[in-house]
Amino acid sequence: MVHKFPDDFVWGTATAAYQIEGAANEDGRGESIWDRFSHIPGNVWNNQNGDVACDHYHRYKEDVQILKEMGVKGYRFSISWPRVIPDGTGKINQKGVDFYNNLIDELLRQGIQPFVTLYHWDLPQALQDRGGWTNRDTTDYFAEYAQQMFKQYGDRVKHWITHNEPWCTSFLGHAIGVHAPGLKDFSAALLAAHNVLLSHGKAVEVFRQMGLDGKIGITLNLTPSYPASNSADDLQAATISDGFSNRWFLDPVFKGQYPDDMVKVFGTFAKIPEIQESDMKLISSNIDFLGINYYSRSLVKHNPDAQFGVETLKPEGQYTDMDWEVYPQGLYDLLLRIKKDYGDIDLYITENGAAFKDVVENDQIDDIDRLNYLKKHFEKAAEAIRDGVKLKGYFVWSLMDNFEWAFGYSKRFGLIYVDYETQRRLWKKSARWYKDVIANNSVD
Ligand SMILES: OC[C@H]1NNC[C@@H](O)[C@@H]1O
């Protein structure tokens, strides 16, 4: 069966600065928390780091040429805050600003729409030294950074994403500790989450005040939660899992309040952040679209001995190299749920993709698992659009293999294979297939 997409559907790919750029100590770039974190032995697989990564800083024209050949309509990338404002506030680094000017101009020359993420986890270390996201001042530094970026690029960039995955920034970085800055303090994570959301609201306010004619949104990683049975305990476990993964961010952004049930759950063992008068109004400033990063689902059951009384199960099925269940139906269910519970807002899949072990034979990479993963998820996206969801675009994670945070370069998500020894880029089977999907604007 052929799944057709709307004529103006934005097919794209996504990346992030720290994961692809390299040039970590070049042209005035300041240190980020990921430079600091990745250089501490033990934090990243094989003690790898983003010093060189995919050398995109020097190879961006080649990479844009690949995007052009792929036929993408949009390209989502992030700006490295410390590359453009090395100390996080104050002085601008013109060479850093020029890199993104050149990248944006090259994309527009090739007829590709830039979708720009302001924050994809690489906080300037200078701000971390002042408390980072646990310091409310950082929300003002973020608004200052956003204003600068709107000023520099707002004439050409028409789609802005304030934050990528606040859940990861907050909980992986401040509670679980596997991401920078590597804290293990749930109260700090809740405070960081609040300040990240508040900084989002302040950036949206600045964007509106500047009267720019683009659109602005936020990207949330969302994981639909399913109960293992219809027992009251398991249904409650799924509700708590949904609250922790999804509603803790969706409710403030769209309803201007934290979910009461989760305030009670978190409040039993952690400090709920002080919320000032205007905070929730700012956080729930009207946005033009929601970016959704979808990878998999959670299947949960009640277990009194597990955190929050929620045990995550591992059902039979196919798993990616990240050990994430392949569950395309979850994308459909999630999209319909967002429309039902949070409103009929424009949506973009700002990330979806899969890591699988790639084998190179005679410069060919027959990544049929990744191709089939994408095919199944595209089909579910088409069904959601058919059923009334205003899905406007889909960005495959990722354009190319890159630095997968604590997993280093051991996990390959790319449509394009990167040989890190030579920096050669090789088209995988999935990339050639994706080119046809875009050309036909349909999945067969
Ligand atoms: O784990 C795959 C991706 N998930 N979302 C954020 C990206 O930076 C990750 O590489």
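Heads up, the Cβ atoms here are built off N, Cα and C, so glycines get one too.
Sequence annotations record features per position, and here TrEMBL assigns active site, proton donor to Glu165. The active site, nucleophile annotation in TrEMBL covers Glu351. The substrate binding site annotation in TrEMBL covers Gln19, His120, Asn164, Tyr295, Trp397, Glu404, Trp405.
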Greatest CA-CA distance (Å) over the residues Gln19, His120, Asn164, Tyr295, Trp397, Glu404, Trp405 that the record ties to substrate?
18
Identify, in sequence order, the residues in the chain of His120 (substrate binding site) that are 6 or more apart from it along the sequence and have a CB within less than 8 Å of its CB; answer 'none' if there are none.
Ala16, Ala17, Tyr18, Gln19, Ser78, Asn164
Cβ within 8 Å of the substrate site's Cβ centroid: which residues qualify beyond Gln19, His120, Asn164, Tyr295, Trp397, Glu404, Trp405?
Ala16, Glu165, Glu351, Ser398, Asn402, Phe413
What's the CA to CA span in angstrom from Tyr295 (substrate binding site) over to the residue listed as 'active site, nucleophile'?
8
CB contacts under 8 angstroms to Trp405 (substrate binding site), restricted to the same chain and 6+ apart in sequence, sorted by sequence, are Gln19, Trp34, Val44, Trp121, Val178, His179
For the C-alpha pair, I'd like the distance in angstrom between Glu404 (substrate binding site) and the residue listed as 'active site, proton donor', rounded off.
15
By a simple count, how many Cβ atoms lie within 10 Å of the Cβ of Gln19 (substrate binding site), its own Cβ left out?
26
Rounded to the nearest Å, what's the C-alpha distance separating Trp397 (substrate binding site) and Glu351 (active site, nucleophile)? Just drop the number here, would you?
5
Of all the recorded positions given, Glu165, Glu351, Glu404, which has the fewest Cβ neighbours within 10 Å once its own Cβ is left out?
Glu404
Let me know the DSSP-derived helix, strand or coil state of Glu404 (substrate binding site), please.
coil
